[in-house]
Amino acid sequence: MTTETTAPSTPRRRRFFSKSDKITLGFFIGVPTFLHVALVWFPALATMYLSFTYWTGIDISKIQWAGLANYENIFFNTPIFWDAMRVNTVWLLWFFFIATPLGILLAYQIDREIRGHKFYQSAYYLPVVLSLAVTGIIWNFLLRPDGFVNGLLGLPTSQAISFFGDDRYNIWVIMIMASWRHIGYIMLLYLAGLKAVDAALREAATIDGATEWQTFRKVVFPAMRPVNIIVLVITIIESLRAFDMVYIIYGSSGGLPILGVLVFNNIAGEGASMKGAAYAVILFLLTIVPIIAYLRQQFREDVK
Amino acid sequence: MLNNISNREMDRRLILKGAAAGGLGIAGATMLAGCAPGDAASAGPVAFGARTVDENPTKQLQALVAAYTAKTGNEVTYNATESNAFQNNLSQYLQGTPDDCFQWMAGFRMQFFAAQGLLVDVSDVWSEIGSQYNESYKIASTGLDGKQYFVPQSWYPWGLHFRKSMMAEVGLNPDDIYNWDDFMGALEELKAKGLIGFIGVDKGGWEAMGTFDILNARINGYQFHVDLLAGREKWTDDRVKEVFRHWEMLLPYMNTNVLDLEWDGGRDMLLARQGGFFMMGSWFGADFKSVSDADYEDLWVIPFPEINPDHARDTIDAPIDGFCVAANGANNAGGKDLIKFAGDMEGVQAMLDTGVPMTSANNGQDTSTYDAFQTQQLAVMNEAKYITQFLDRDTRPDFAGPVVGPALQGWFKDPSSTNAMLESLQSQWDALPPLA
């Protein structure tokens, strides 16, 4: 009940912003935030909501709540979903155990400045400059039934090897196509990281009599942790969100089912249903959950 | 496939962004639909949306548009989109700011959009030009509410295509091929000559649907086929298994790279004389003519052979292409005026005058002016009592493309999986959301 005011507290703020500062800051923060929310968060949340509804994409008043029906449909009634999961898993494992390590190996070699490393560096990086769509076109031209390779083998269309149609080859063909680009990408990222590693560390290891492999494993690799995290995250994202190359070659048909194409296939066109939205949410969770889990664990270790 | 990637490139930075943007596109388009203008009174300038960028059909449509402008003085904007991209975009297109009239297909695919209120009722156009069409075309142009929403342009039959000279070389007379046994015999002879008997293509996921349609209609009849596609019969029915049992008999005569070839790959195999019979729609005759007149004259079509004498050869897939008026277009009256002209013999004649072969739906196209191949198409058509559109035009769009397409592709990979595939098809049909 006291009307007595307390002594004026010392101002906590260390910085004062003038009016024009505030306007500028508001502008610089506000506009990107607005765009980000409007173009990323709103559609993302809308997609999540729509995945629990029935809707053909026409007339917003016709959205019907469907509960988990779309997800039930996908998990229990859609065999192509599991085919796509299989392909995406193979993709992830291939990238994790083969493509990414190869990229790291190349980066290491080039970093050691082997003869002609400048040439190799450009040559390996070149495919990264091309969009995946262009990669798809190039390889399609090489491997389709009336393409270059079947031509070299002298096979007419009727007997051509079915590189994209036959399950014995298609997934590996796509893996090689995707790796062609992925390896160069990882190589460049890693190379940048390697350049930043203190040469003294390596020197010390050499003086201590460590072999090349031991130096890499025990000294260089741990020193590269920030880059390793980025490489791992990129490997997961790249292999799960794959879309363009497969779409270029197969269109939206189920020739080689992957999750990215299923999203598109079910949300575009006359056959639009919110099953496509549900696929998008599944894909999102598959990508984000392992990454968050990994990063949390890493940060916890850092705190210790 | 290469043409339609440019306008749907996915964003590369965020995993969900691509999908989310799709969601925004749909939502945004829907909001726009609310504030689209109604209809203008005068005929004025008209925008026309073509769902093809191929050379031959483009020639026809541009001749049509030019003739319309010459007659009425109304300017027409011609917008062409590659057909897959056009189909994938149609919902958003019609809810946004579409062209006043556009090229589309009859049957279920038209009825679906008509029921959503996205097409303009063109019954009055039909009362003016309807006398130029047979009743069956009017039925195919009619929506579920009994009004017309479509004006037909042309039709083509699905049948067995082959080169007359090739059959002569292997000593076959195609006129002798009436039933399944004749057909198997012919395939055997082609195989003995080291040729592919039956050209198989299904990379696009829709090509093999034509073979399914005709096998089912031949074995089980028109009524069963229609009922199956409408969900009144079950995919797990033994009669459907019979279809795949027959299809399996064709496999030894087919190329093994079915899933690596799109429809044009099959066309090229026929052009290059690598395969005998090609089950496809006759539209590609125009492509043969573009190569050379000799190739076009060599091309022939016969109905798929009889399998069950009860049904003889009484059914055919003969899809009808034509035009619709978009309800959200700026100029509904103009759109109607243009498609009335397109449906009228005058417009049809303008398309025929391009020299690109076309079998028009209009009675006014004198069948005596047909070339030999067109006359044969008509004969193939006339033998049938029942006309179906095509699997992906006769059943729900969310079933045909995303479900049946991949199922048939999977069957080609493992033909012994028939039972499992059919069970899965049925359970996927049962799991479809209710139609709004």
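Note: Cβ is positioned from N, Cα and C throughout, glycine not excepted.
Curation plays no part in TrEMBL annotations; they are all automatic predictions.
For reference, TrEMBL has these:
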TRANSMEM  A:23-44  transmembrane segment
DOMAIN    A:81-296  domain 'ABC transmembrane type-1'
TRANSMEM  A:91-110  transmembrane segment
TRANSMEM  A:122-142  transmembrane segment
TRANSMEM  A:171-192  transmembrane segment
TRANSMEM  A:245-264  transmembrane segment
TRANSMEM  A:276-295  transmembrane segment
Long-range environment of the transmembrane segment (A:276-295) - Cβ separation under 8 angstroms, sequence gap at least 6: 44, 47-48, 50-51, 70-71, 73-74, 81, 88, 229, 232-233, 236-237, 240-241, 259-260, 262-268
Interface check, the transmembrane segment (A:245-264) with the transmembrane segment (A:122-142), three or more C-beta pairs under 8 A: yes
Listed stretch, out of A:23-44, A:91-110, A:122-142, that has the most CB pairs under 8 angstroms to the transmembrane segment (A:171-192): A:91-110
Tertiary contacts of the transmembrane segment (A:122-142) (same chain, 6+ residues out, Cβ under 8 Å): 106, 148-149, 164, 173, 177-178, 180-181, 183-185, 187-188, 244-249
Distal contacts, the transmembrane segment (A:91-110) - CB-CB under 8 A, six or more residues away: 117, 120-121, 124, 174-175, 178-179, 182-191, 193-194, 216, 231, 235-236, 238-240, 242, 258
